[in-house]
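Inspection log for the structure reproduced underneath, given as structure tokens.
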């Protein structure tokens, strides 16, 4: 037989002891009782005069129960083997440790499974014979069966609520009898139902049950399931089915819940659901309950009582009055109890309206100026040049990327062409660069859209209406290139668009010192440098961008991004030469 899934353990025999040791080593508030699988509070002296709380059960349900040990929750937990009840000798050893620490009494919180009842019951009787004040609360809040068998309802994740409530009462100094009577009353208002999408497997064994692909089992653990939900239902449907079943008055194990009731909800990950799925289910649960007029006062979502790596979720609902909420909100140092907010979740405003609306530069009104006609011509020329090159850029990109470089540049070109039809080109270059940056950011997509937009945004502030001579443009180009390097993480030589842009910009810097009438020669030289820089990328190994993930010997063509930059600069030059 092939084992269901490899487990990251050392051996099936040692995994429980090693897991307990891992927990205790990682938490200064915990210690192990030598010779037993018993985890204790490491500050037992703080139990003097108070009721101590002991729980436990099979391993494989972590963080239950040892994760709930701390001030304000359990005093100790006893672990059995995986899914096996702990032996009575260890339960008794734990009870006596708590009694010897000066506890006024010991409350056993036991889940309703035959093995747990027998082993904890036997230890309780033995402890009583030794003069220890012991009492037991049995948690049986499972809502799976319409007609529970003689064994009764199982104890599931609602047990964690009982740990918390009893722990808060014990911390406040309540007597054993007071805690038992309060907790017994609260138990009537707790219900749990689970649903699984896949079984789990005990270390060293095969899966515990089989589910047909796409089916879900409501009721859990390969037990007689209430219902197999049909082929993968949506989260909303699953949650509604669960809550309907849990609260259905015709079921003997239902939880009575009416409009106006206030509840604490626990969405418990049975082991293998992603955090994303858990948050989706959490949303479904809140919406479903609120649609019935139920007030969601507190919500816990996460791993509270698992079944190894079972893919599934259980929902626990607890009717809660002010006093119950006060006990839920009481502080605890137990590592597995979440840091909950103490505000009622239903009825609060949870959407924040943005205070400022972001203005898009391409929507603003602009006025023309002396530079408008030449900038208009340059933009048109750039767009038509990129559209002509679309297929060439795509085929270059197929060699080193995902083959859409031409398409993304064409998208930007068409967006600019469309804008030009309905708008005047502003006379201020800064405004124009901001408009193009806005269009490219919105319409071009991908990392090239972000890079061009960064370039244009950083360049824009250097070319204002009063300051747009050749030297200012050179400074602007340099600022844009620096922004690309800073945020894109590439440098010349990495086989990117910078390999065409940087040599051109280095040349353009000479505009600041060019003799009168020498501008055009500098521009022509810059465009040549861009073209030869693009061509030289054939021999470069990609060290940045998507192409850096491709095997270098597969790429012998120039980089499409660099070719696009050379194309754009050439188009601008042609327009300027035509103007002379």
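Glycine is no exception: its Cβ is also placed from the backbone N, Cα and C atoms.
Remember, TrEMBL labels are computer predictions, not curated facts.
Note that the structure is predicted; figures quoted are calculated from it, not measured.
These features come from TrEMBL:
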DOMAIN    11-337  domain 'DhaK'
BINDING   58, 59, 60, 61, 111, 116  substrate binding site
DOMAIN    373-574  domain 'DhaL'
Subject >> Averaged pLDDT, computed only over the residues in the domain 'DhaL' (373-574) >> reply: 92
Subject >> Cβ-centroid neighbourhood (8 Å) of the substrate site, 58, 59, 60, 61, 111, 116 excluded >> reply: 56, 57, 64, 65, 79, 80, 83, 84, 85, 113
**OP:** Count the other Cβ atoms sitting within 10 Å of the Cβ of residue 59 (substrate binding site), across every protein chain shown.
**Re:** 25
**OP:** Identify, in sequence order, the residues in the chain of residue 58 (substrate binding site) that are 6 or more apart from it along the sequence and have a CB within less than 8 Å of its CB; answer 'none' if there are none.
**Re:** 79, 80, 81, 82, 83, 84, 85, 86
**OP:** Might you list, by sequence position, any residue in that chain lying six or more from residue 111 (substrate binding site) with a Cβ less than 8 Å away from its Cβ?
**Re:** 57, 138, 139, 140, 154, 155, 156, 159
Subject >> Farthest-apart CA atoms of 58, 59, 60, 61, 111, 116, residues recorded for substrate, distance in Å >> reply: 15
**OP:** Identify, in sequence order, the residues in the chain of residue 60 (substrate binding site) that are 6 or more apart from it along the sequence and have a CB within less than 8 Å of its CB; answer 'none' if there are none.
**Re:** 82, 83, 200, 202, 306, 307, 308
Subject >> Cβ neighbours of residue 61 (substrate binding site) where a neighbour is any other Cβ within 10 Å >> reply: 24
